[in-house]
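According to TrEMBL, the protein carries these features:
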type	residues	note
DOMAIN	12-159	domain 'Phosphoribosyltransferase'
BINDING	41, 42, 101, 102, 103, 104, 105, 106, 107, 108, 109	5-phospho-alpha-D-ribose 1-diphosphate binding site
BINDING	102	Mg(2+) binding site
BINDING	105, 106, 107, 108, 109, 147, 148	GMP binding site
BINDING	105, 148	xanthine binding site
BINDING	105, 148	guanine binding site
Ligand SMILES: O=P(O)(O)OC[C@H]1O[C@H](OP(=O)(O)OP(=O)(O)O)[C@H](O)[C@@H]1O
Ligand code: HPA
Ligand SMILES: [Mg+2]
């Protein structure tokens, strides 16, 4: 599918690992969480890295899909909600829960999860300006007109030399 966003921010596995570990460092000074709720599918990878770094072994998922056709945002679908055993930890509003996703873009996904767990700490690796107010901790901000290319969506491809694209 053709890229709709003017700017591209490609992320390698190595960079994603470093950025997720940087997120864990930022979180490590901010409290103790009993459980991680990761927003699938993009949140699965940073959640694994943060869980390893912070020693959290209770991992729950909330399964949400909104971008059904790569860069086209469709209707937001909650495929699976948060289990009551996790919602009911520590007062029922998520005070001891860390919610993790790969990024916030418009903030639509984060808003839905915040309604489920209003007191949870919300963390993402990347944030765009529209979604940023919904996130408590993130690592890198990119502009709203940037598309982030994650390593699990990418493959090796021949790159034409720069000179070819600058020739008349
Ligand atoms: O802030 P928003 O505008 O809601 O966009 C951010 C969400 O979109 C992507 O998920 P997507 O719905 O594409 O599903 P995926 O995680 O399975 O790729 C991304 O992983 C975030 O969860
Ligand atoms: O910039 C993005 N990259 C990948 N997935 C996304 N889902 C929403 N925004 C993005
Ligand atoms: Mg997602």
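Here the Cβ of each residue, glycine as well, is placed from N, Cα and C on the backbone.
All annotation found in TrEMBL is predicted automatically rather than curated by experts.
On the structure: features taken from TrEMBL.
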| residue | record | Cβ within 10 Å |
| --- | --- | --- |
| 41 | 5-phospho-alpha-D-ribose 1-diphosphate binding site | 14 |
| 101 | 5-phospho-alpha-D-ribose 1-diphosphate binding site | 30 |
| 102 | Mg(2+) binding site | 23 |
| 103 | 5-phospho-alpha-D-ribose 1-diphosphate binding site | 22 |
| 105 | 5-phospho-alpha-D-ribose 1-diphosphate binding site | 23 |
| 106 | GMP binding site | 15 |
| 107 | 5-phospho-alpha-D-ribose 1-diphosphate binding site | 18 |
| 108 | GMP binding site | 16 |
| 109 | 5-phospho-alpha-D-ribose 1-diphosphate binding site | 26 |
| 147 | GMP binding site | 17 |
Listed binding-site residues adjacent to ligand 2, that is, members of 41, 101, 106, 109, 147 whose C-beta is under 6 A away: 147
Cα separation, residue 147 (GMP binding site) to residue 107 (5-phospho-alpha-D-ribose 1-diphosphate binding site) (Å, whole number): 15
Rounded distance in angstrom between the Cα atoms of residue 41 (5-phospho-alpha-D-ribose 1-diphosphate binding site) and residue 106 (GMP binding site): 17
Distance from residue 147 (GMP binding site) back to residue 101 (5-phospho-alpha-D-ribose 1-diphosphate binding site), taken between C-alpha atoms, in Å: 16
All-chain count of other Cβ atoms within 10 Å of residue 148 (GMP binding site): 21
Largest CA-to-CA spread of 5-phospho-alpha-D-ribose 1-diphosphate binders 41, 42, 101, 102, 103, 104, 105, 106, 107, 108, 109, angstrom: 17
Residue 41 (5-phospho-alpha-D-ribose 1-diphosphate binding site) in three-state DSSP notation: coil
Segment-level pLDDT (mean, integer) for the domain 'Phosphoribosyltransferase' (12-159): 94
Three-state composition of the domain 'Phosphoribosyltransferase' (12-159), taking helix and strand from DSSP: 49 helix, 41 strand, 58 coil
Residue 109 (5-phospho-alpha-D-ribose 1-diphosphate binding site) to residue 148 (GMP binding site) - Cα separation in whole Å: 16
Rounded to the nearest Å - Cα separation of residue 147 (GMP binding site) and residue 105 (5-phospho-alpha-D-ribose 1-diphosphate binding site): 9
